Amino acid sequence: MQQAARRAAANRREMWNNCNSPLVSMLPQASFQSSSQSSIRNAPYNAKLNRREGAGGWSPLVTDREPWFQLDLRDRMEVTAVATQGRYDSSDWVSGYLLLYSDTGRAWKQYQQEDGVGRLLGNMNSDAVVQNKLSHSIRTRFLRLLPLDWNPSGWLGLRVEVYGCAYSESVSTALSSCYGTHTKSDVADFDGRSSLLYRFNQKSMSTVKDVVSLRFKSRQAEGVLLHGEGQRGDYITLELHRSRLALYLNLDERDDTRLRSSAGRVAVTLGSLLDDQHWHSVLIERFNKQVNLTVDSHTQHFRTKGDGDSLEVDYELSFGGIPLPGKPGTFIRKNFHGCIENLYYNGINIIDLAKRRKPQIYSVGNVTFSCSEPQLVATTFLSSSASFLSLPATTTTAAAVAAGGAEGGFSLRFQFRTWNADGLLLSVRLTPQPQRVELQISSSRLRLTLHTSAQQKSQVSTGRWVFITLLICNINAQAYRMSYLNIDFHIVFMMRFKQCVCFFSGHSVNDGLWHSVILDTRHQQITLGLDDEAASTIEPWQQLEAQGDFYFGGCPSVGCGLPTPAFQGCMRLIHINGQPVNLLQVQRGALGSYHALQFDTCSIRDRCLPNHCEHGGQCSQTWSSFRCDCSGTGHSGATCHNSLYEASCEAYQLTGGSSGYYSIDPDGSGPLGPARVYCNMTEDKVWTVLDHSSSAPVKVQGSSPQKPYIMKFNYSASPEQLRAIVTGAEQCQQEVVYRCRKSRLFNIKDGTPLSWWLDQAGERRTYWGGFLPGVQQCSCGLQENCQDMNYFCNCDAAMNAWSNDTGVLSYKDHLPMSQIVIGDTNRTGSEAVYHVGALRCYGDKSTWNAASFYQESSYLHFPTLQAELGSDISFYFKTSAPSGVFLENLGLKDFIRVELSSPSAVAFSFDVGNGPVVLSVKSHVPLNDRQWHYVRAERSVQEASLQVDQLPLRFLEAPADGHVRLQLNSQLFVGGTASRQRGFLGCIRTLAINGVNFNLEERARMTPGVSSGCPGYCSGSSSLCHNRGRCIEKSSGYVCDCSQSAYGGPSCREEVSVSFDSESSVTYTFQEPFSVMQNRSSQASSVSRESSLARENVAFSFLTSQRPAMLLSISTFSQQYIAVILATNGSLQLWYHLLADKDPEVFVPIRQNLADGRLHKIRIHREAKDVYVQIDQDIHRKYTLSSDAQLILIRSLTLGKVTGREHVHREVLQAGSKGFVGCLSSVQFNQLAPLKVALLNRGSSLVSIRGPLEESNCGALAESATSHSLLDQAAEENDDKEQRSNTAATTDDSAVIGGVVTAAVFVALCALAVLSRFLYQQRQERRGVQEKENRQALETAYRTELHLQSAGVRDTMKEYYI
C-alpha cells in the first residue's frame, strides 16, 4: 500500500508538471463576462495576458459596488495556476482578489489555500505578471475573480491567464496511478430513490486488499454511497451523515456470532460541509487491518479492530443506497441524492459497466448518466453587524394574492446555515403599529418573538416541551390561543398581564447544516416550523399584516435599534407568500436592497477541519473563529498545547513540592499525556517511582521449558511514557528478588536459559541483576561469591535449600522489565519465589544540558524545525553581551527567531505570510547580568506568546483569516544565524522545542567556538536554590535570590510562616489599580490585536482547628472577589465572583474536614474558565467557570480576618468575620509573597497588619510532624474506627495494659518536649546568626523586586502585529 501511495504521489506530481498549458489565450469573446465595463474599449474580452487590444485590459464602472470578472473555459478543466496583470500602460491594477469556481456558472465556491486563506496576491503595477500556483488544483468550467483591493491612486484594471489542462487528461493521469490508463470521465446521477448493484461472480468475495475511489457532489446532508455485507458479520458502509463522510468497517473472524457484531467494528468520519453541490474526492485504501481514508486533501489513517484481516462480502455491493432484500425500490437507509463520478472498486469501473448494461450491474430506480445541475442560488451574510437583505412585503402578482393576500397575513419560507449561536434571521413591522415580529437564533435555538406593544411580547421557540410564564403589567386585556402537538391552550389576559413566553427545547441550529424555516401569519394565527419538527402556533386577537419591508439577516443601521447581532451565514430558497425570490435580481439592483452580502455562493467554512485542538481537545466554532475545550486533556492554552504538569519529579521539587503522587508529562507539549508517578523527595536524590500490576512476591511451581510460567507487568504509564521517562533520567534501576529451590536459571550442560525476562521493547534478556547485558550471569558471579563456584548463579546449583539470586537491573536501555518467564519448577521439591520491584529513576538529563558560545560567528545547527502549525520553544540563558540571537530558522519568506534584542529585552519574531510579527518583553533590570533567565516563546494558529522569567506573559492574537503555516526549509541555528552575524555570546541550557529536549552538549563537542556545559556555581546539576529561588553568581560563590519565592533561607527552602489569631490579618494593598494581566488594547491593529488571558496562581499551606475560617481573599475595585474559606463543616470552598450581575460560583474540591490540626498544602491555578485545584499530594480537581473574565483593578489581598466588605455573599462574610486561627505558611499569589512582604516591610504603605502577628516555624514543624496525605488520613480514620470497635469488645482485658502504655507514652512525650525545646533554642540561635548575615541582602533584593512589580504593572504592555 505504501508503494502504491508513493507511485500515486509521483504520478500526481507528473500530472502537475505537465498540466500547465495556458487556457485563456484561445478563448472566444463570448467566454468573457463581467459585472460591468467602463467603456467598450475596457470590455472583459480585452483582458488577455500581455494583450494591448482596446484599452489594454478590463476595467468596471466606477459606480460598480461589487465588480467581478468571469471566464468560461468552454469545458471542465484542471486549473493549476492563475496569473494577473494590470491594464496596459495605466495606473489601474488589482492588488488582491478572491477566486471562485463553478461547473455551471451558478452556485460558486471560493478557492482556499491549504491554510484556509482565500485571498490571492495581485499586482503592484500595470505591467508585471504575478502568478499564483494553486496549492491544490481545481476542476471546473467557470472561474470568477472578485477584486478586493486595487491601486488607491488609480482604478481597477485586469488582464488574466489561467494555466492547466483538459479534465480528461488529468483523470487519465490520476487514475493510471492505481488502475492503468483511462481517458474518459464516467458520471451517474442518483435521484434519492435509486442505486446500482454490483453482483459478484461467486457467492461471496473475500479480500485482504481493497481500493475504492470516487468523486461525488450531493444535494443533501444524508445518503449512502456504498454498502456491502457478509453472513459472518463483515460489512463496509460509506455514507454522508450530517454533511460529513462516515466509513463503517467491520472485520472479524470469530465463530461466535454474538461477538462478531461489535468486536471488529470501527467508525471514522472525515470531511465537512460536503452537501455544498460541489465535487469532492474520496479514496479508501485497505490492506489487512491498515486503512487510509482520504476526503479531498484530508487523510485519516487507522487500524481495524478484532482478529480479522479480510473483508468478506456476500453476493453484491450496492452504490447509492441499501435496498431491502426481496423488496426492490425499498431502502433501509436514506439514499444518496446527487452525482457520482469515476467510481472504481478494486480497479473495476462500476459506472462504465452500468452504462454498457453489463450483467454484473443491476440498476434500481432511475439512474441516469449525466449530472443534472440544480439552480439553487444562495447568498452569504458576511458581517455580524452590517449585513442585511431587504425585500418588499407587498407584491402585485395574482399568484401572491391568491396565496396570501386574500386571507390576510403573510407566509415566509427559507433555508439557512450558520455556526453562530446568536443572530437575527428576520424582522418585519406589522399593522396595527407598533407591533413587529422577530425571528432570531438565540443561544443556538430558533426563537420567534411577537412584539405587540412597548411593554408586551410573545415568544415561541422551536422544540417539544412547553413552559408558560405570566408576569403582571399594565396593558389592556388580550387573548391568545396556542396549539402544539394537537393540544390547544387558550389563555385570556383578563387584566394587567405583561407577556406570554412559550419556550420549546428544540435542537441546535448553529451546526453548519441547512435548516428549513416556515413562518405563516395567515388564518389569524402565527405558525413557526423548523425542519421536520411539529409546527408551533400562537393565535393573536386580530389578523397581523406586514408593513414595509421584510428584513433578512439584519437591518439598516439607521432606525433599526435591534439589540440582536446580525446573522452571519448563508440563506437560500427564500419564498414570500409562496413565490420564490430571485436573488440575482437583488444583486442587479432590480429588487429590494442589501448590504455586505455575497450572492450566488455560500462561503461558510469549517474552522474545525482540520482540528487544530491538540491532545484530544474538542473544537467548537463561530463564523469567524474557533475555540478549543481542553477539559480532561491535561493540557491548556488556545489549542490545548501546554501541559498542566511538570516534566519530572525534579521539577516538582524545584517548585516546592514534597514527596507524594504527582502527574508528570515527560514530553511536555508533545503527543504523550501525563503519567501518574510517586515522587520520593526524602533523599538527596529525587526518585521517580512507577509501580506495576504485580507488586507482591509470587510463588511459582509446575513450570517447564515447554510450558513456562509467564507474567506480564502492566505499569502505571504507557510504554511510550515509560520510554520517555527512562530516556530523560540520569539513571534508572529495578530490583529483582529471585529465591529458588531446585530451580535453575540456566541449563548447566549447554547454558540454554531456562528462565528469562523481556525488556521494554519485548526483547529477551538472560542476565539477572547487577551485571552487564549479554552475559548470562547473576550478581554473585560478578562478585565471585556464589554458593557453588562452579556456577555463575546460586540457583544453578539446584540445591534443596533455598538460594537467592537477587540483584538490581540498571541498564537503562532495557528498563523496565515487561515480562518474566520461569521454566524450571516442575521437578519434585522444585519451586521459585520472585518479586519484581518498581521502576525507580532519578535525575533530569535535560535540566543542565548546556552549551557555551564564545565566538559571535559560532552556532549549533539542527534539522529544520517542524513547526508548520505551531511550536513552543523554551530555554535558559545567561550572558554579559548586550544582544544576540538565541535561535533562528529561515524559509524562502517565512522565518522564526528568538533573540536578546537589547540588554533588557527579549524579542520573539516570525512571519507566516501575513508580514513580520514582533513580540517583545522588556525587563526593568538588565538581562545580561550573567545570571540565568528563562524564556518561553509559543506560536499557534490562534495566538503567539512570550514569557521571560516571572514577568507578565505577553499575548498576540492571530488574524482570523490569515496564513497559519510556517514554511521553513533551512537548518535550525542555535546560538547564531546563517549569516554568522549577531551571534549569541554566553550559555544556553535546557532547550526544548515541542516537548523534545535538544542535546546541546553532544553537538557542542564537535563544533568550533562552542563548548559543552557552562562554567559557574549556578550551572551544575545540583539544585542550589529551591522553590523558584534564583541562583545568582558571585565572584567567590553564589547566593539564592528568594524574592520570587514564598520561601526564605539561604537556599529558599525555609517556610515563611506566621501564627494568626481571630483578630489577625495581613492586607497587601496594590500600589495602584491594575489588572492581573494586561488590558485589551483599545487600539487594535487592523491585522491582529493583542489579547490577555485571565490567569491566577495561588499557593499556600495552613494548619488550623477553627471552622469556619477565612484563609485568603482578593478584592477588586469593580466588585469582583475571590475567596478561599473553610466552611462550617471544615470543607475547603473556593468562591469566584467575576461578574457583578451574576451570583458567585462555589467549588468544593473535597468535603472532608480540613480543620483537623494538620498541615495542608493548597495550589490553585486559573486559566481563563478553567480552575485547577490541588490539595496536598493526592487530591486533584478541575472546574470550569461560566466566564473567563479577568480580575479588573485589583484592590487588595487579605490573609485572615476581613471586615467591612459589601457585595459579598453571606457565607463568605461569616468566614471573614471569624478570621483565621492557626498557621499560614508560604503564601504566594502570582509573583507576590504577601507574608514575606509583611515580615520584611513592616511599616510599608502597601502592607496593613492588624491584630497580633507572630513569625514562627509552625509550618516547618507541622510538616515534619504530619507528613501525610488525605487518603492516608481517611485510612487512619477507618483504622481508628476498627480499633475503637475492637477496644470496646476487649475493654476488661486491655485496661491494665492501656494504663501502662499511657504512662509510657506520657513519659516519652515529656522527654520529647524537653528535647524539642532545646533543639529549637539551638536552631534559633544559629538562625539568628544566619539572618544577620543574609537579611540585609534579602531585604534589598525583595524591596527591589517589590518596586519592579509595582512599576511593571504600570506598563501598558501592548504589542501588535506589524
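For all residues, glycine too, the Cβ spot is worked out from N, Cα and C.
For 187-371 (among others), the entry in TrEMBL reads domain 'Laminin G'.
If you look up TrEMBL, you'll see 378-602 (among others) marked as domain 'Laminin G'.
What TrEMBL records for 604-641 (among others) is domain 'EGF-like'. On the 0 to 100 pLDDT scale, the domain 'EGF-like' (604-641) averages 92 in this prediction.
Per TrEMBL, domain 'Fibrinogen C-terminal' is recorded for 640-692.
If you look up TrEMBL, you'll see 849-1014 (among others) marked as domain 'Laminin G'.
The annotation disulfide bond is assigned in TrEMBL to CYS987-CYS1014.
Marked as domain 'EGF-like' by TrEMBL: 1015-1053 (among others).
Marked as domain 'Laminin G' by TrEMBL: 1073-1258 (among others).
The annotation transmembrane segment is assigned in TrEMBL to 1295-1320.
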Return the stretch with the most CB pairs under 8 A relative to the domain 'Fibrinogen C-terminal' (640-692), choosing among 187-371, 849-1014, 1073-1258. 849-1014
When DSSP states are grouped into helix, strand and coil, how many residues of the domain 'EGF-like' (604-641) land in each? 0 helix, 10 strand, 28 coil
Around CYS987 (disulfide bond), how many other C-beta atoms are within 10 angstroms of its C-beta? 25
Can you give me the same-chain residues 6 or more apart in sequence from CYS1014 (disulfide bond) with a CB-CB distance under 8 Å? ALA850, ALA851, SER852, LYS878, CYS987, ARG989
